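These notes concern the structure reproduced below.
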Amino acid sequence: MISASRAAAARLVGTAASRSPAAARPQDGWNGLSHEAFRFVSRRDYASEAIKGAVVGIDLGTTNSCVAVMEGKQAKVLENAEGARTTPSVVAFTADGERLVGMPAKRQAVTNPNNTFYATKRLIGRRYDDPEVQKDTKNVPFKIVRASNGDAWVEAHGKLYSPSQIGAFVLMKMKETAENYLGHTAKNAVITVPAYFNDSQRQATKDAGQISGLNVLRVINEPTAAALAYGLDKSEDKVIAVYDLGGGTFDISILEIQKGVFEVKSTNGDTFLGGEDFDQALLRHIVKEFKRETGVDLTKDNMALQRVREAAEKAKCELSSSVQTDINLPYLTMDASGPKHLNMKLTRAQFEGIVTDLIKRTIAPCQKAMQDAEVSKSDIGEVILVGGMTRMPKVQQTVQDLFGRAPSKAVNPDEAVAIGAAIQGGVLAGDVTDVLLLDVTPLSLGIETLGGVFTKLINRNTTIPTKKIYTVCIGELNPASSIGIPPAPRGVPQIEVTFDIDANGIVHVSAKDKGTGREQQIVIQSSGGLSKDDIENMVKNAEKYAEEDRRKKERVEAVNMAEGIIHDTETKMEEFKDQLPADECNKLKEEISKMRELLARKDSETGENIRQAASSLQQASLKLFEMAYKKMASEREGSGGSSTGEQKEDQKEEKQ
């Protein structure tokens with residue numbers, strides 16, 4: 001807070017100027033920056049070292065995440081351990097403390113709904129009291145709680161996790177996928193965020209990258225990344241619109257592509273509108289119909305709700321290619337009369353009616369973006385669709401009606417953002433040349449003085465990085481003394497404040513006393529967010545989880561090896577039982593029994609112990625089978641010798 005006196009104060013806030021005055025609360029913009037939001041640091045380091053190694057591009061999505069790397073001049077989307085090109089952004093904790101990420105976590109969600117976290121990107125960088133968060137608390141089976149700093153966190157088995165931590169676990173999975181493909185460690189990354197994310201949300205995403213062990217070189221906007229994926233190999237100049245309706249957020253960006261320069265003209269959106277809302281709307285419809293038909297209210301049964309939620313998501317996807325689908329969930333619940341089954345037919349028209357209001361919510365941001373960019377729909381040469389929800393025919397029709405042209409399907413809506421992030425990584429590493437990305441800040445930054453007068457310093461849709469200098473007067477009772485400004489009569493000291501938004505869209509401030517020339521760098525943080533100690537502790541926890549994952553993988557591989565050796569040994573013992581000494585067979589059977597006892601307590605054993613025991617069993621079995629082989633070879637030689645002798649006798653008799 002920069003205070004003029006007891007009676008006059010100026011405080012830094014951000015606002016989404018495109019919103020209504022009633023909605024333009026401080027937390028809607030740069031998350032209510034205040035006196036507590038300043039952290040003073042001695043200097044700001046702008047130096048950047050040469051980037052070593054590959055730079056991975058990661059789309060950290062609400063529903064699914066994707067990772068890509070540059071191979072030469074082309075970006076390649078990588079498959080995860082399950083063979084899929086996208087990974088569910090789902091993290092679960094089992095009763096025994098095991099952490100699951102991706103598809104394994106999603107598969108067990110029905111039986112463990114309270115400890116399975118999904119769509120936590122909608123919580124990242126948000127306060128618990130935000131209306132959107134309060135709305136989410138009623139829609140998800142897991143607990144959303146107020147952290148000590150006032151942020152929204154989640155709880156599993158009595159432990160609290162920040163949304164940045166959950167995002168970090170997903171990023172670790174992406175990092176592992178990249179490392180498995182590259183064959184070496186991947187440290188550098190470009191991570192994407194919704195274009196309409198504010199400062200707190202962007203910083204929280206960077207925190208997630210740091211917790212996961214990544215060096216986040218840049219945070220870029222998802223529509224901009226998709227534009228890079230679309231336009232990298234295009235030679236013609238044109239204005240394009242990127243309509244990005246994903247799992248949890250909606251963005252619209254207008255860009256001009258000209259000779260390798262990607263300039264964002266404007267951006268707009270809604271950070272709480274996406275596929276999750278479509279799923280929730282359909283879920284409410286199904287629950288309502290089920291109650292009407294059976295009289296049973298499913299809202300109190302988390303396990304049943306999770307089954308319905310998964311069925312709703314599946315039906316939504318099917319209706320993009322079919323005009324009708326069946327929703328069948330046998331034994332969904334039961335009452336005094338017995339089990340209840342869900343059998344429902346759903347048409348595409350019915351589904352479109354259920355979600356029509358959600359689709360309409362994307363129209364106003366698109367119109368505002370065109371207005372801010374000073375373009376008409378006739379000026380737009382291409383409309384790019386990004387995000388899984390753009391596969392819905394009604395969404396595509398809405399886009400066509402809005403922009404007056406059929407949208408392009410030139411990019412994969414699930415992969416384009418990760419590809420664009422990888423391209424930007426290539427640009428930063430110097431591997432991709434002749435590409436320049438000029439992005440914008442989505443929200444305005446300004447100063448509000450006593451009386452509620454708001455002065456914009458940096459307007460929304462200003463190209464970043466950017467800076468603005470503003471001079472304020474400081475009175476004798478002011479907190480600015482902490483940066484070394486001596487006490488003086490009111491209005492005498494003049495402080496030159498520089499507001500700087502970097503290429504990641506994150507705000508920095510520097511303050512300079514024009515009288516003394518003394519200068520201090522200020523990094524703006526929201527009153528919430530993660531402290532340095534929080535992040536360090538989370539990094540340690542993430543490393544602990546990574547070590548546990550490594551040990552678990554080692555143990556599983558050792559168990560698989562041991563079970564294979566047992567199976568092979570028993571098979572060969574049965575096959576060669578006539579050639580094996582009985583006493584040696586009994587000894588080997590005892591070894592197998594000991595091995596099985598060890599496997600029975602595998603969870604308390606290390607992979608190395610299991611591997612050593614399995615190797616000992618294998619060596620013992622090989623010695624025994626070697627004996628059997630020699631015996632069989634000897635018998636064959638004996639039978640072969642007698643056969644040869646008989647042939648010679650026969651030949652001798654024929655000659656006589």
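The backbone N, Cα and C atoms fix where each Cβ goes, glycine too.
As given in Swiss-Prot:
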type	residues	note
BINDING	T63, N64, E313, K316, S320, G388, R391	ADP binding site
COMPBIAS	646-656	compositional bias 'Basic and acidic residues'
MOD_RES	K73	N6-acetyllysine
MOD_RES	K76	N6-acetyllysine
MOD_RES	K135	N6-acetyllysine
MOD_RES	K138	N6-succinyllysine
MOD_RES	K138	N6-acetyllysine
MOD_RES	K288	N6-acetyllysine
MOD_RES	K300	N6-succinyllysine
MOD_RES	K300	N6-acetyllysine
MOD_RES	K360	N6-succinyllysine
MOD_RES	K368	N6-succinyllysine
MOD_RES	R490	omega-N-methylarginine
MOD_RES	K540	N6-acetyllysine
REGION	1-432	region 'Interaction with NFS1'
REGION	63-431	region 'Nucleotide-binding domain (NBD)'
REGION	432-656	region 'Interaction with FXN and ISCU'
REGION	432-441	region 'Interdomain linker'
REGION	633-656	region 'Disordered'
Within 10 Å of each Cβ, count the other Cβ atoms and name the one among the recorded positions K360, R391 with the highest count.
R391
Residues satisfying Cβ distance under 8 Å from K138 (N6-succinyllysine), sequence separation of at least 6
none
Three-state composition of the region 'Interdomain linker' (432-441), taking helix and strand from DSSP:
0 helix, 6 strand, 4 coil
Rounded mean pLDDT for the residues that make up the region 'Interaction with NFS1' (1-432):
88
Would you kindly give the Cα-Cα distance separating K135 (N6-acetyllysine) and N64 (ADP binding site), rounded to the nearest Å?
22
Suppose the ADP site is T63, N64, E313, K316, S320, G388, R391. Which further residues of the same chain have a Cβ inside 8 angstroms of that site's Cβ centroid?
G247, G275, C317, M389
To the nearest whole angstrom, what is the C-alpha distance linking S320 (ADP binding site) and K360 (N6-succinyllysine)?
18
DSSP three-state call for S320 (ADP binding site): helix, strand or coil?
coil
Within its own chain, what residues at least 6 apart in sequence put their Cβ under 8 Å from the Cβ of T63 (ADP binding site), listed in sequence order?
P88, S89, Y118, A119, G246, G247, G248, G274, G275, E276, G388
Suppose we draw a 10 Å sphere around the Cβ of N64 (ADP binding site). How many other Cβ atoms does it contain, all chains included?
23
Round to the nearest Å and give the CA-to-CA distance linking K300 (N6-succinyllysine) with K288 (N6-acetyllysine).
13
According to DSSP, G388 (ADP binding site) sits in helix
Would you identify the secondary structure of K73 (N6-acetyllysine) according to DSSP, in three states?
coil
